[in-house]
Amino acid sequence: MYDANYSEVSQFVFLGLSTSRQVQHFLLPFSTVFYVTIILGNLFVVFTVLFDPHLHSPMYFLLANLSFIDSCLSTLTVPKMISDLYSGHKTISFQGCVIQIFILHVLGGSEMVLLITMALDRYVAICKPLHYLTVMSPRMCILLLSAAWAIGLIHSAAQLASVVHLPFCGPNEIDNFYCDLPQFIKLACTDTYRMEFMITANSGFISTGTFFLLIISYIFILVSVWKHYSGGLSKALSTLSAHITVVVLFFGPCIFVYLWPFPTVSVDKFLAILDFMITPILNPAIYTLRNKDMKIAMRKLSSQLLSLRKMP
Ligand SMILES: *[C@@H]1O[C@H](CO)[C@@H](O)[C@H](O)[C@H]1NC(C)=O
């Protein structure tokens, strides 16, 4: 067992995106606008799907769930980053850091499984349209969603269980704006080689594996559309290109953060911006604003909201 004197670090200091006050003041308005847009856009998607009976189908329920997870992911990291940019005071307690890592991996793991579910949904809808309603039944959707959350929880608990007892005796600076495992374990006062390997194997393998699984399934869907109904290819391409864009943008940073072997290059925090600020905006933008049913529903919802306001 480790010496009790070791665990002296009670808080961590984020170095953030930049240590220059000027750059921080420059980034502050941008991140605030992005965050507000993410929350409004994604909540609007969730409410539109929940309140419009025309959108009560698996695809839209999955989209709403994706929007929900995305707003949680942003909320986990961005408000703290904004307040740090504002105040210049960038500490986080040890417990806060551990909780952030835990929730991050629960949400990230669930989002990955949800993206697989969405690909499955598109596969059945496009390649087996006659069986769509029986395969993607409400029960099946709930089952897949519960599986997503369960896998996220197990993945996160398993990783955290192995690092939470590490001794920390300083330094306590994290060159990032949020806590995640690669930087966290590097601060432990022990040889973390095996831990690093475990994290690469767990998070790295899951993100890379899921990424290739998704890309292969989308290629498979496109090829079968192309073979069976050559006329439908452009329509399928336009739907699926949105999914593929989100997949690449979401997984690119994950794979880099967990698999890149040279930790001295701190581009990972800029890549993390993609996951916490860019894909969460893209989801409502490209999945929904390009979708006719969704646009009609949003127009209806907003006119209802407006007429509510006008009532005495
Ligand atoms: C997620 O999907 C389930 C079932 O498909 C649905 O009942 C639920 O309302 C969705 N959650 C959100 C936040 O949209």
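Note that Cβ sites are derived from N, Cα and C of the backbone, with glycine treated the same way.
Database features (TrEMBL):
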type: TRANSMEM; residues: 26-51; note: transmembrane segment
type: DOMAIN; residues: 41-287; note: domain 'G-protein coupled receptors family 1 profile'
type: TRANSMEM; residues: 58-78; note: transmembrane segment
type: TRANSMEM; residues: 98-120; note: transmembrane segment
type: TRANSMEM; residues: 141-158; note: transmembrane segment
type: TRANSMEM; residues: 204-225; note: transmembrane segment
type: TRANSMEM; residues: 237-258; note: transmembrane segment
type: TRANSMEM; residues: 270-289; note: transmembrane segment
Under 8 Å Cβ-Cβ from the transmembrane segment (58-78), and at least six residues away from its ends along the same chain, one finds 31, 34-35, 38-39, 41-43, 45-46, 49-50, 100, 103-104, 107-108, 110-111, 114-115, 117-118, 121-122, 125, 136, 138, 140-141, 145, 177-178, 272, 275-277, 279-280, 283-284, 287-288, 294
Do the transmembrane segment (270-289) and the transmembrane segment (26-51) share at least 3 Cβ pairs closer than 8 Å, excluding pairs fewer than 6 residues apart in sequence?
yes
Same-chain residues at least 6 beyond the ends of the transmembrane segment (204-225) whose Cβ lies under 8 Å from its Cβ atoms
109, 112-113, 115-116, 119-120, 122-123, 126-127, 155, 232-233, 236-237, 240, 243-244, 247, 251, 254-255, 258-259
